[in-house]
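**Q** What follows is a structure written as structure tokens; I'll ask about it next.
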There are 2 protein chains.
Amino acid sequence: MNRRPHRRDPEGHRQAILDAARTSFGERGFARATVREIAARAGVTHGLVLRQFGSKEQLFLAAVPGHRELDQVIAGDPETLPDRVAHAYVARMEANAAVDPLVVLLRSIASDQQAAAKLYSAMEAGSIRAYREVIDGPDAAARVAMLGAQLIGVTVNRYIARTGPLAEMPAPALAEHLARVLRHILFDRAG
Amino acid sequence: MNRRPHRRDPEGHRQAILDAARTSFGERGFARATVREIAARAGVTHGLVLRQFGSKEQLFLAAVPGHRELDQVIAGDPETLPDRVAHAYVARMEANAAVDPLVVLLRSIASDQQAAAKLYSAMEAGSIRAYREVIDGPDAAARVAMLGAQLIGVTVNRYIARTGPLAEMPAPALAEHLARVLRHILFDRAG
């Protein structure tokens, strides 16, 4: 992925920056990777990265898998939303937990709590915005935040600690369980 | 707490070890604190600490607040169990999140994933054992693990990242919300 795009090629730049960001975040973690280093790796200026992506948090969210697909997962029948979210989450994590934004976030807590907080805030704000398209009611934001908390907790259990019932059950069983829990959290009623 | 107990005073030894453990885990985190250092601080041998507590994980669980009280929270009417767990969790975290085992666990993920996994495993096994006294059914262990995941996620959100709806709501509102979610998770029915 070492292409050095021509300066008049904005889409090439964008791709080069995203490739560089994935490499840097993967190698050095969220807290230690810098926009400057990502820009250098992509062969563009620091200023161009910030103009295109706004901040390190936004660049991270644009570069990592999962977050970009959230809008697509959410679009559709609200009735089956918990199933779509649970299955998309499990599929994404089973495929590549190591570079997943939730895992990167959790790993960054110990090294730089402030960076982790900013990243969490950006992820959560994006999620709440996306869910609010289909979930309403006075405590919709709190319910979406509780859903996010459940996914964080399952991530710690199955993909980081890798121990106990949630780590041992087959992926389809986890998706079923999780869909039921997320249905309760989002709609506050039995599955 | 610098008492050096007489060698024939097992209860004094136990207290000295627990005091030393709290200090070491608080100062150095779970991964970096060692049984040897805790023993030296307590004025006892390494072997005595291991004979009394079994392992660093077990010593941690014995020394930190919260975990020891779980049996007391769980004992009682199963119908109001989710409320008791939610309120005890929120009260404990609001009082002193920094030394809470869930926070120490999450902070230890980045520095030593294997240590974090062992600690998670010990905490989860203890919790499942305690809950199994009052929760039954074929997937009781999975439901208790999902409950643990929810608490982990709320901890990340409110007490570590400290941002978003779950961090902003007053503690009593969080306890109410959480009780409803935990009721769903444990009993798989509407609150």
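Using the three backbone atoms N, Cα and C, a Cβ is placed for every residue, glycine included.
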**Q** With TrEMBL as the source, which of B:14-33, B:34-53, B:74-93, B:154-173 is set down as DNA-binding region?
**A** B:34-53
**Q** Sequence-remote contacts (6 or more beyond its ends) of the DNA-binding region (B:34-53), Cβ cut-off under 8 Å?
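**A** Answer is 4-5, 13-14, 16-17, 19-21, 23-24, 28, 59, 62.
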**Q** Along the domain 'HTH tetR-type' (B:11-71), what average pLDDT does this model show?
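**A** Summing pLDDT over the domain 'HTH tetR-type' (B:11-71) and dividing by its length gives 88.
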